[in-house]
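The structure appears right after this line, and notes come after that.
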């Protein structure tokens, strides 16, 4: 049974990572709504959970599925290559990618692109500093131990906690944004 699952994952890397990323996005949002925000099931915001499926599934996973093999082409010894990968990822890729994910969530929540961009400008430094406290360690483990076609899954699994926080924070900002519009 395990060999069949591994074979499916190996043969359907993009599809598997899209579904897992979307599912973990929904899980993070669900935990945020039910545990942090203490919403009742009747008050559960399904459209918000759909956004937390769509963005990770159709944007985050496909980008990461292409990025990790590209990043894996960095030269270096077994000891130095992962460190080079982390530096390259955190200094070049992460700021741009995180910004586009942030804006994608904002726009899908009803912000205009300009409003999403202005929100990003206000929050980017804090977001990036927080990211630098978490991701280098996770990616160090990911790059030293995990085969490249499993890295999106490991990254998204590690991102579950971040998804809970992002869902909570973005929703607070969305509620404020919507009340200011009305």
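Yeah, the Cβs are placed from backbone N, Cα and C, and that goes for glycine too.
Residue ranges 83-105, 106-128 are listed, and TrEMBL annotates 83-105 among them as transmembrane segment. As stated in TrEMBL, the feature transmembrane segment covers range 52-71 out of the listed 32-51, 52-71.
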